[in-house]
Amino acid sequence: MTVNLIYSITLILSLSLLYGFIVNYFYANKMTKQILSGALFAGICIFGMIYPIYMDSGVIVDPRSVVLGIAGLFGGPVVAIIAATITAGYRLLLGGGGLYVGIGIVIVSTSLGLIYRYCVKKDWVKINLVQLLLFGLLIQVIVLIISTQLPATAFEKILSTIAIPRLVIFTLATAFLGLLLKNMDDRQNTEIALRESESRLSHHLQNTPLAAIAWDINFNVTQWNKTAEKIFGYSADEAMGRHPIDLILIDTSKIQIDQVYKDLLEHKEGTRRSNYNITKDGKKIACEWYNTPILDTAGKAIGAASLCEDITVRKQSEQLIWEQAHYDSLTGLANRQMASLDLEKEIKIAKRSNKSIALLFFDLDGFKDINDTMGHDIGDILLVEVAKRLLNLTRDVDTIARLGGDEFVLIIGGLDSPSCVDRIASNLLKKMSEPFTLGQNKAYISTSIGITFYPQDASDPVEMLKNADQAMYAAKSNGGNSFQYFTPSMQQNAVSRMSLISDLRIAIAANQFQLHYQPIVNLITGDIYKAEALIRWQHPVRGLVGPIEFIPIAEETQLIVDIGDWVFREAAQQSARWRTAIEPSFQISINTSPVQYKNDAFSAKDWLDYLDALKLPGDAIMVEITEGALMEYGSSIDQKLFDFRDANIQVSLDDFGTGYSSLSSLKKLDIDYLKIDKSFVDNLAPHSNDLALCEAIIVMAHKLDLKVVAEGVENEEQRDLLIAAGCDYAQGYLFSKPLPAIEFEKLLKSR
């Protein structure tokens, strides 16, 4: 009987071969695989029941418990149910005294296999030799227990003849068959995963936005995906077996490219490189390549794989971005950043060759006037023409750059001596003064040029640009249409200027300003019902600083807007106090800057609202604006002056006679007062030209219904001549110097 058991087990082992075939052949069709596997397990069980070991009439011993336990463990519920159902059906057909026990063995074996499978899924147990032996032993022990339900004679025969061999052989068979099937399943799962991975990889390579190309050891194409076809224009059939020199390379010898390939294979490391390639239709494209050697199991290079991206559009965009970052869009000249790079390059060359570099910083005199009078479009045309003229006046090796606005620089390298720059600068001044034709218009400008040298003045681009800018500023301060060489004193002046700007910002926040008041005297009555507010800066270190020192800088930096606002509010508060304490009609005159009117942050409404808050009428304040500013910035000033006039704030034209205002402007803006400049009053004498001019101004003003204030009256003769000429008001040191508010109030009360 033991031999028969071993024969049965041999039959079972054939199961593994058939099971492996089914799993491998039908791996993609899960349902078919499960049905066939279930039928296979059932077939083995039936075959065993056809050739069983007979214990008694209708009582048989066969390996179905082994097969069905394994079916439950490896096949899963569907396979196990199919196998168990078919096996139980056949056992039902056989009938006999062991029918119910036989059916029970089918159910128990299958159930134990499924339970073991569930425990494996939960990771409670493993499939290994020890646990398979325990599993097989458990099945056989339970089968033996179930067998107690057989007729007594049959059970006694089983115990006496086959129980022990059955426990041993079927347990070992379960473990051995389980290990075989586990090994087959593991290998099959690995193969399936590999096939699926290869399929996914192949699909990915065919549809990736990168060209995927494989090369053999001789650098001939072995794989060419759809993107490679799209990028280079060759189909896979056209590309296969061909060397890149015959396909996509430009001006490269086969020896060179083969050496690159050889280096890749020898170093066995991936490389990344960008180069230009050519397509089938001859189009030149920029490509980025990622190359990796393909190694065999021994680590020997047998080819290479490449991923390629067409970066032509990206390269073009990068080039465009680079040009936009380094060149001026209006003139096409290098911009500030490019000028700095060129300066760095020239400095490196100069260090090696022991040469000098000259940097000329240009600013166009009168460009703002052209912009204001002819419009910004004409201004842009002028800048383009200036760029063209500068290019024509310089060498190809020199760099011309536009830094912004109307500022240009010229970089001249390779100088043996700085002395030749004098001639170059003089010629540039002369040529730039010649008229520019702008369509139907002609424009005349001049140029201010600042000049600095490497290595004499500076050692880096930033310092050179700063020095040249300071020298240009000095040339412009001297009236323009000239050039100025950088000197160390300019740096000191610039540092002092920056310090003053910084102190000005602090002064606003720290309330370091104060107003002094100079009386405006009625020449007929001698009354003082008006005063001009004059700002002073109480600097914590410098002491009292006059406006002539800081107002120009405040205007350049736009700080004048905040300072002017402070002056207005302080004067308004003081006017309110003196109207209450001294004279209800008292009026304070404040100076305003054209920069205030041009700045969007300055609003006439804010001032009018402040007067309302103080319950002050408009005539408590008078605003003064210079004659020159009125003409230069007329359009940007007019509306805000109209707003003041509408609110009954009077307007005074300061420094009259020094500018070029027209009578139409006086009438249009409804000016209230003219202030005769001090330069006319200084030399007043009987029968003098200055007296004649003053008399003419007074007569004209009165004809226009304007009042006249004479500034700078310092002696009685000047006063008397002005009274005789019919002047309305006067101010000057004859009456009083500007005084702090407390002292001024004492002056008023003393009168």
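Using N, Cα and C of the backbone, Cβ positions are placed for all residues, glycine too.
Values in this document were obtained by computation on a predicted structure and should not be read as measured data.
Straight from TrEMBL, the features:
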DOMAIN    197-268  domain 'PAS'
DOMAIN    271-323  domain 'PAC'
DOMAIN    355-488  domain 'GGDEF'
DOMAIN    497-751  domain 'EAL'
TRANSMEM  6-28  transmembrane segment
TRANSMEM  35-54  transmembrane segment
TRANSMEM  66-86  transmembrane segment
TRANSMEM  98-118  transmembrane segment
TRANSMEM  124-146  transmembrane segment
TRANSMEM  158-181  transmembrane segment
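Per-stretch counts of Cβ pairs under 8 Å to the transmembrane segment (158-181) identify 124-146 as the leading one among 35-54, 66-86, 98-118, 124-146. Each residue in the domain 'GGDEF' (355-488) gets a DSSP state, and the totals come to 57 helix, 44 strand, 33 coil.
Long-range contacts of the transmembrane segment (98-118) within the same chain, counting only residues at least 6 positions beyond its ends with a Cβ under 8 Å from a Cβ of the stretch, are 45, 55-56, 58-60, 64-74, 76-77, 80-81, 83-84, 87-88, 91-92, 125, 135, 138-139, 142-143, 146-147, 149-150, 154.
Here the domain 'PAC' (271-323) is broken down by DSSP into helix, strand and coil counts: 12 helix, 30 strand, 11 coil. Mean pLDDT across the domain 'EAL' (497-751) comes to 88 in this model.
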